Structures are given as C-alpha cells and as structure tokens.
Amino acid sequence: MDTLQVIILALIQGLTEFLPISSSAHLILPAQLFGWEDQGLSFDVAVHIGSLAAVVIYFRNEILAMLKAWLASIFRGQQSDDSKLAWWIILATIPAIGVGFTAKDMVETHLRGPGVIAITTVIFGLLLWFADRIAKDEMTEYQTGWRKALLIGVAQALALIPGTSRSGITITAALMLGLKREAAARFSFLMSIPVILGAALLMTKDIITENHVVDWHALALGSILSFIAAYACIYFFLKIISRMGMTPFVIYRIALGVFLCGFIYL
C-alpha cells in the first residue's frame, strides 16, 4: 500500500465508522476509481483499533462508571442506572454475534456486490429519515430497558448487509423506540465497542493462522489517522444532530446511493 491509499482508507474508516452513512459505500469508491487492491486484514485491524480507541477515550468516564457498576451488580447485587446500561449493551450485542457467525459467509457470497451497497445506502437512508420524522424524543439511554435494547441489537445485526451502516441502523431503531437523538447516538456508539473489538479479534486470529505479511508503517499511520478522524467525528456528530437532526446525513446517503448506481450501471 502506498501512503496516499493508507491516508484515504484510514480517514474513510474513521469517519464512516460512527456517521450513519455506510463505510462500505465509501470504501468501494476509491477502490473503483484508483484500481486499488484489497488493503488486507492487517490494515483492517489497525484502522479498527484506531476507531475503537477513539470511542473508548471519548466515552471513558461513562465506560468506567458502567464497568464499576456492572461489577457491583455481579458481586454485590447492587443495581444502578450505569449497571443496567452495561447489561443492556451486552444484551444488544448478542444478536450481532449470532447472525455474524451463522450468516457471514452467505452475506459475503451473495450481498457483497457494489449494486447491493448502492441500493441499501438509499433504502436505509430513507428509513433513517422516517425514524427521525416520527421520533418522540423522550428517553435517554439510561431509560432504554432490556426489550428496546434487544430490538436495537437485532437492528444492529442487519448491519452485516453492506451499505446498511451499523451506526445508521442502530440510531434508526433507537429513534423509532423513543430515544432522544443524542441518546440514540450515544447508545449506538457504546454498542459499537464490543462489536469493533470482536471484529478486530477475529481478524487478528485470521492474520495469525494465515501468516499475513505486515507493513508496520502503514498500520501505524492508518491506526493514528483512523483514531483522529473517529474522535473528531463523534464530537461533531453529537453537536450537529442536537441542532439539525439526521436530515443532512439522509440527504447525503441518498445522493451517494444515486451516484453509486449511476457509477455502477451507466
């Protein structure tokens, strides 16, 4: 990988991991335009680690509070808002794990094409618009409850389909279930931690077993750039949606999907 490819792909990963705009849709464009080969598992792990570090550091106070409360709920039987939120995030992760292990190969075989990505980018963008329009804006993430958390987790499992956007579909589900915009985004971001960590661990296992060649310079640069982009993305996204809602991202998704359709089929 040359330096330009590392920079572009790392920034795309960092920005699109948490924006509701689909990383898959953005990653196919530079590959098609510049004729780049697959960046490899090692680079994927590096940029995922950068994104993971960004969300963990940004929400470090909330994560520490949840971890302490979660341990207290296990060993002392003490329940609190933080311990409940931790349990709900764990519960919301289960559907993605189940679907990931059972349907990953099928999705890779039948739903990985650029046409699917273009269409799902538009469809799930419209669904996000609908959710934002009907959102009741009532609850914080601490009022979610286990049933709503599980439903958001089921929605997260749909993100296995390329073009869906993990953050987009989970925020959509959370809005439909009554969470405030900022609360929906925060819950989605906290949900991403076990998912990104799990994906990175699985890819690391494949790297070890398949003896991949590692370009440490590309990995270090990719990880750092992904971290910076992801952290900035989280910060500004939470501020934007509090004032403007999801409309800018819906418009962008639809425009991108239409452009991809034209790029692919015309």
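Just so it is clear, glycine is given a Cβ too, placed from its N, Cα and C backbone atoms.
Tertiary proximity for the transmembrane segment (1-21) is limited to same-chain residues at least six positions away from its ends with a CB under 8 Å from its CB atoms, namely 27, 30, 34, 36, 39-40, 43, 47-48, 50-51, 54-55, 121, 128, 165-168, 171-172, 189, 192, 196, 215, 218, 221-230, 233-234, 237, 246, 249, 252-253, 256. As annotated by Swiss-Prot, transmembrane segment applies to 1-21 (among others), with the evidence given as sequence analysis.
Per Swiss-Prot, transmembrane segment is recorded for 39-59 (among others), and the stated evidence type is sequence analysis.
Feature annotation from Swiss-Prot assigns transmembrane segment to 83-103 (among others); the stated evidence is sequence analysis.
As annotated by Swiss-Prot, transmembrane segment applies to 111-131 (among others), with the evidence given as sequence analysis.
Note on the transmembrane segment (149-169): residues 16-25, 88-89, 91-96, 98-100, 103-104, 107, 111-112, 116-121, 124-125, 127-128, 177, 185, 187-189, 191-192, 195, 249, 253, 257 of its chain, located 6 or more positions outside it, place their CB under 8 angstroms from a CB of the stretch. The transmembrane segment annotation in Swiss-Prot covers 149-169 (among others).
Feature annotation from Swiss-Prot assigns transmembrane segment to 183-203 (among others); the stated evidence is sequence analysis.
With a threshold of 8 Å between CB atoms, the same-chain residues lying at least 6 positions outside the transmembrane segment (218-238) that come near it are 1, 3, 6-7, 9-11, 13-15, 17-19, 42-43, 45-51, 53-55, 57-58, 182, 185-186, 189. What Swiss-Prot lists as transmembrane segment is 218-238 (among others), and the listing cites sequence analysis.
Beyond its flanks by at least six residues, the transmembrane segment (246-266) meets 19-22, 25-26, 28-29, 32, 114-115, 117-119, 121-122, 124-126, 128-129, 131-132, 163, 165, 168, 171, 175, 181, 240 of its own chain at Cβ-Cβ distances under 8 Å. According to Swiss-Prot, the feature transmembrane segment maps to 246-266 (among others).
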